[in-house]
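What Swiss-Prot records for 29-32, 50, 86-90, 414, 477-479, 493 is ATP binding site, and it gives sequence analysis as the kind of evidence.
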């Protein structure tokens, strides 16, 4: 396919046009007085949002070179959202400012490579200052404040997230779901829950709820398929003598083995329930091992020389209770030793920190939460589907931001941290062009505060100058349009969010400034001729 090649300034100017289109649409959402953006949907009602990354993701431009620029800045907001969960609009505003000022210098004949080095030197120095300024976020009150800010000043959401973190610890899993009422509610699930249900409805003990409830059960953990009942007989006899129920968690249970378990259950000989082990492959083995640690049992695996015929009661795990539904199973209050559980948590935490795969990291965090704290579910209520979607976006953002705050601490919000950090930076470039790059980056750090003020209908320069004349955490509270101590007023940002926004913005802005050529596909001529043919057909139809 033929390509359209643009070189130098021609390529960069088109990309910058695209960047400005995307950034101008996103930045209207910044701050407590930011505006909503309405997104058209192919089906159903449009979505109304104040979430920067949701706006950015919707933007696709017709001009391919403009679209390249827009997609690069979209990457800034997506990357910031993935790493820190918030700060997407801030990152976009920073990237636009660095590109805009940098392009003026490149057009004036400056070396873009040196400008880029200067920008990165400034960002590195400011990031160090932000890390020095950060205050640990450990209290329920400060966690609630972070959640409130990230949920666009919705204090109820902030409080609910703080309460969820308090109940399941900062390690626990907190999920956000659409509820069925008009009110938000927090549901805390104790113990370990996973998405596997009973293999036969004949295992159900509570017909009303359609669940199998097992009190003080033994738990048999096996990493292979169980088809032959003879393999299970020694275990069933031992459990029957003990007079306790049995929960079998294996790769699968079918055929003769499943039929015998069902018959024994119906006749009341042994109260047993069988489920498939969660996960697949290596992850299944790891999750079975987690269950073994939690319940104080042993995974019966041929890899370690254990077979079903040799199982004794002390190899079985135990819990206070187990509830098995159609699609999920919950193990409550396992009999595993606390020291063993803590050691297993430390091992999983270490794996999560060292993995490069985002998917693996997410799954490891889930496993950690199930072992360490439990699961909290925030069920959202809203009057309409449009409101529900918008609220879910906000709560997801707030949840990510509070996690980021717990990890790296908090700094003054409202763009104050960037302005304070830039005033402390004394970095020098190796030459005039690097120095100019440093100045471009430092000037861009005022931009989020200017935009917050602009969204209030105020002059950004006046606000920035007034904040720079004051000290410490004094800043501009856009909600009340007053100057306050930002940390005391609870207007705070996670340090990780501010840091990620700045680093990602500088990274993409540097790429745009150092672009020497851009290549895109030319429009297909076949498409044009096909359109012409279609037009001709229509004309003929009119003649008949």
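Quick reminder: no glycine exception, Cβ is built from N, Cα and C everywhere.
Shown here: features listed in Swiss-Prot, placed on the structure.
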| residue | record | DSSP class |
| --- | --- | --- |
| 29 | ATP binding site | coil |
| 50 | ATP binding site | coil |
| 87 | ATP binding site | coil |
| 414 | ATP binding site | coil |
| 478 | ATP binding site | coil |
| 493 | ATP binding site | strand |
Review point. If you draw a 10 Å sphere on the Cβ of residue 493 (ATP binding site), how many other Cβ atoms land inside?
Key: 32
Check your understanding: Looking at Cβ-Cβ distances, which residues of the chain lie under 8 angstroms from residue 414 (ATP binding site) while being 6 or more apart from it?
Key -> 31, 449, 452, 475, 476, 477, 478, 486, 491
**Study point:** For residue 87 (ATP binding site), nearby residues of its own chain (Cβ under 8 Å, 6 or more apart in sequence)
**Key:** 80, 81, 401, 493, 497, 498, 500, 501
**Study point:** Neighbouring C-beta atoms (10 Å sphere around the C-beta of residue 29 (ATP binding site))
**Key:** 23
Review point. Going along the chain, which residues six or more apart from residue 50 (ATP binding site) have their CB under 8 A from its CB?
Key: 29, 34, 35, 36, 37, 152, 390, 394
**Study point:** Neighbourhood of residue 89 (ATP binding site), C-beta criterion under 8 angstroms, separation at least six
**Key:** 26, 27, 29, 30, 34, 52, 77
Check your understanding: Least buried of the binding-site residues 31, 478, going by other Cβ atoms within 10 Å?
Key -> 478
